[in-house]
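Please read the structure below before turning to the comments.
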There are 2 protein chains.
Amino acid sequence: MNIVVQKYGGSSVGDIERIQRVAKRIIKKKEEGFLPVVVVSAMGDNTDILLDMAYQISSNPPKREIDMLISTGEQVSIALLSMALQTLGHDAISLTGPQVGIKTEGHHTKSRIADIDDKVLRKHLENNRIIIVAGFQGSNQDSDITTLGRGGSDTTAVALAGKLQCPCEIYTDVDGIYSLDPRMYSNAKKLDTISYEEMLEMASLGAGVMHTRAIELAQKYRIPILVASSMEEKPGTIIKESEQNMESAVITGLAIDNNDVLITLNNVPYSIAITAEIFDRLAKKDINIDMISQTSPKDHSVNISFTTPKGDLEDAKSALQLITTKFQEISTQVNDKISKLSVVGIGMRSHSGVAAQIFVLLAKANIEVQMVTTSEIKISYVIDPKDQQKAVELIASEFDL
Amino acid sequence: MNIVVQKYGGSSVGDIERIQRVAKRIIKKKEEGFLPVVVVSAMGDNTDILLDMAYQISSNPPKREIDMLISTGEQVSIALLSMALQTLGHDAISLTGPQVGIKTEGHHTKSRIADIDDKVLRKHLENNRIIIVAGFQGSNQDSDITTLGRGGSDTTAVALAGKLQCPCEIYTDVDGIYSLDPRMYSNAKKLDTISYEEMLEMASLGAGVMHTRAIELAQKYRIPILVASSMEEKPGTIIKESEQNMESAVITGLAIDNNDVLITLNNVPYSIAITAEIFDRLAKKDINIDMISQTSPKDHSVNISFTTPKGDLEDAKSALQLITTKFQEISTQVNDKISKLSVVGIGMRSHSGVAAQIFVLLAKANIEVQMVTTSEIKISYVIDPKDQQKAVELIASEFDL
């Protein structure tokens with residue numbers, strides 16, 4: 001029995017016609033000799049409509065009841081999809097997260113999957129029945145309905161594939177993973193494969209189609225994930241373990257992020273205690289910090305720069321207020337017009353000089369680099385947004401993205 | 001701890017404002033010293049919207065999936081109502097039918113409550129927590145979600161009250177039970193109390209606010225039910241066991257039904273076998289038959305008349321087709337313009353002559369009675385619709401309804 005987990009997102013089941021189209025795709029897969037276990041999200045903007053009602057009642061509605069409320073969205077989808085399959089003459093059964101045995105732990109609205117009791121799942125698979133599972137949900141030890149937060153339905157799909165040790169297919173509104181956003185560079189290439197590590201970097205840069213947690217889970221269970229279009233019959237991209245031949249490409253992808261701000265603290269006394277205090281105060285306010293750089297000390301002081309999402313800026317400012325009150329010599333500077341380009345590639349592990357190669361490229365085009373950070377498989381550059389398009393084209397062309 | 005079960009119907013929780021109003025009523029009850037267990041229906045026409053989607057997929061969608069689909073309606077209501085209560089500072093928890101331990105048996109979309117496991121219920125009651133229960137639903141022995149069919153939420157409420165041995169309050173869009181429809185007779189009196197038996201007769205005549213199954217269950221567990229308005233703070237009607245003093249009123253209510261047709265079979269051979277065959281054929285088509293009368297035999301043949309709901313007429317005609325093909329001497333006649341008036345009252349048990357008293361009333365007014373049937377606490381008359389208003393006024397005035 002070739003089991004396969006398929007996941008269809010909210011826009012793929014956005015109306016009755018689309019649900020019927022998804023049913024036909026599932027049947028096609030079955031006729032190819034597979035037994036599909038299908039995870040679906042809530043229809044279209046159903047979750048938002050439900051949340052809107054909750055926020056009419058309270059600006060901070062109790063999270064257990066939020067889960068009780070929004071979990072109905074997926075339940076509607078699975079019932080309708082199962083009806084569509086049965087109407088087309090195929091044995092199918094819908095199961096909610098709790099019914100399929102998804103046990104969760106942690107807080108309501110952002111629970112984690114602790115385990116899957118696969119008893120019910122196995123029973124229906126033995127009967128050769130297509131199982132339709134409500135994504136994004138499970139039940140905790142109190143038998144309360146819980147939801148999994150962002151990327152929840154993908155996580156359900158990957159966790160089921162992990163439990164069943166079978167491949168996972170994520171059908172969505174894009175047709176695969178691109179080396180860079182095709183809206184930024186029309187020649188951008190769709191990747192046939194990408195490694196878990198590269199996809200994690202791309203996803204954490206906001207460029208990926210999937211949430212990092214689902215990719216991490218797939219990596220943990222060594223489950224290959226196909227990302228493909230739910231609308232068109234085209235080959236997508238497979239996320240899997242890196243292979244030798246993948247290393248021939250130095251750079252796999254280029255992520256472009258315009259949602260960060262660059263904060264610089266000038267004239268910081270050169271002391272590890274003070275640097276630690278600065279980042280501790282930011283951490284206590286739950287401020288996400290991505291790139292960090294520090295100049296060499298000069299006259300016993302340094303300049304520290306870091307990038308943070310625009311949404312965290314106000315909190316960051318209030319944290320820094322405390323710092324500048326205590327250390328009056330420090331001055332702060334915010335640049336909210338920056339562009340962050342990140343090149344990602346497993347190949348960088350074995351190819352040195354990529355950072356330098358890009359510096360040369362940018363210098364020739366008179367593009368100033370305001371900040372640069374590197375990790376094992378990623379290099380990020382902060383540049384002026386006016387130079388972004390040119391830099392993207394230069395890098396994409398140089399590395400054949 | 002004075003537990004009380006309250007039930008709020010779909011129009012009472014039709015929008016966020018109404019849900020907030022219901023929350024305030026629940027809190028008022030709690031402040032009066034009661035601990036409410038609250039059963040709610042789906043918001044407004046939510047169930048119809050869900051069913052409409054199902055029928056877009058199939059004219060006969062699988063019933064298990066219908067239950068999976070429509071049970072989400074009540075789940076949305078309970079989550080929002082619990083949020084509203086918590087936002088107003090009261091401890092509350094929502095529970096689905098399966099979570100509250102409602103075990104069902106029988107077919108999907110029309111299951112019956114087999115038992116209630118009150119473990120979860122008792123735990124929350126001990127914590128003095130307002131429990132909000134999804135009406136109309138439970139789970140069967142396969143742990144599938146089931147719904148209870150017509151009158152389901154009322155049945156949930158009465159069953160919970162039966163298990164907890166506490167009173168039950170049904171809040172709805174009418175303010176109580178009337179002796180007759182106030183739209184038919186503006187002086188109609190709202191009853192303070194009505195017996196289970198009378199309410200059952202009224203309900204089965206379509207005149208009642210509640211479905212007969214909920215009333216039967218209340219009668220079985222001897223649970224008093226208050227029927228009152230969810231909008232206004234007015235005393236309603238209590239349905240309870242009959243009392244001695246209730247017998248002083250001969251007639252409690254008058255039900256008017258314009259949804260029946262009168263079918264007459266003329267020249268039926270006088271044979272119990274043939275009569276049995278006629279009703280057997282009708283029963284096999286699930287045709288509801290209310291009143292039946294048969295004339296005395298004359299020339300070895302009789303005339304048989306019965307009433308049936310208009311909705312069953314086509315099925316009835318096709319059943320009778322078989323009869324008239326087999327027994328060609330039988331002719332049939334359909335009168336779809338009839339009015340059925342039924343007087344109901346426990347007092348009739350001890351007062352004889354009510355039927356005659358009404359015959360005299362109607363005769364004086366030249367109102368022709370086409371058919372009459374009697375039971376222990378009910379007498380039904382079929383008359384011409386043109387005489388209906390006059391007959392209603394005469395009877396209501398004579399018996400002080």
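Cβ atoms here come from the backbone N, Cα and C positions, even for glycine.
As recorded in TrEMBL, the features of this protein are as follows:
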type    : residues                                                                : note
BINDING : B:LYS7, B:TYR8, B:GLY9, B:GLY10, B:THR172, B:ASP173, B:TYR178, B:ARG183 : ATP binding site
BINDING : B:THR47, B:GLU74                                                        : substrate binding site
DOMAIN  : B:263-337                                                               : domain 'ACT'
DOMAIN  : B:343-401                                                               : domain 'ACT'
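Structure with TrEMBL features highlighted.
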| residue | record | Cβ contacts under 8 Å, 6 or more apart |
| --- | --- | --- |
| B:LYS7 | ATP binding site | B:VAL38, B:VAL39, B:VAL40, B:SER41, B:GLY135, B:SER153, B:ASP154, B:THR156, B:ALA157, B:CYS168, B:GLU169, B:ILE170, B:TYR171 |
| B:TYR8 | ATP binding site | B:VAL22, B:VAL38, B:VAL39, B:VAL40, B:SER41, B:TYR171, B:SER230 |
| B:GLY9 | ATP binding site | B:SER41, B:SER153, B:ILE170, B:TYR171, B:THR172, B:ASP173, B:SER230 |
| B:GLY10 | ATP binding site | B:SER41, B:ALA42, B:MET43, B:GLY44, B:ASP45, B:ASN46, B:THR47 |
| B:GLU74 | substrate binding site | B:VAL40, B:SER41, B:ALA42, B:THR96, B:GLY97, B:ALA134, B:GLY135, B:PHE136, B:GLN137, B:SER153 |
| B:TYR178 | ATP binding site | B:ALA188, B:LYS189, B:LYS190, B:LEU191, B:GLY253 |
| B:ARG183 | ATP binding site | none |
Task = Let me know the model's mean pLDDT on the domain 'ACT' (B:343-401).
result = 88
Ask   = For chain A, which of the binding-site residues B:TYR8, B:GLU74, B:ARG183 fall under 8 Å by Cβ?
value = none
Note = Within 10 angstroms of the C-beta of B:THR172 (ATP binding site), the count of other C-beta atoms across all shown chains comes to 22
Request  = Please find, for B:LYS7, B:TYR8, B:GLY9, B:GLY10, B:THR172, B:ASP173, B:TYR178, B:ARG183 as listed binding ATP, the greatest distance between any two Cα atoms, in Å.
outcome  = 25
Ask   = What's the most sparsely packed of the binding-site residues B:THR47, B:ASP173, counting other C-beta atoms within 10 A?
value = B:ASP173
Remark   = By a three-class reduction of DSSP, B:TYR178 (ATP binding site) is assigned strand
Inquiry  = Under a three-state reading of DSSP, tell me whether B:GLY9 (ATP binding site) is helix, strand or coil.
reply    = coil
Query = With DSSP, how much of the domain 'ACT' (B:343-401) is helix, how much strand and how much coil, in residues?
reply = 29 helix, 15 strand, 15 coil
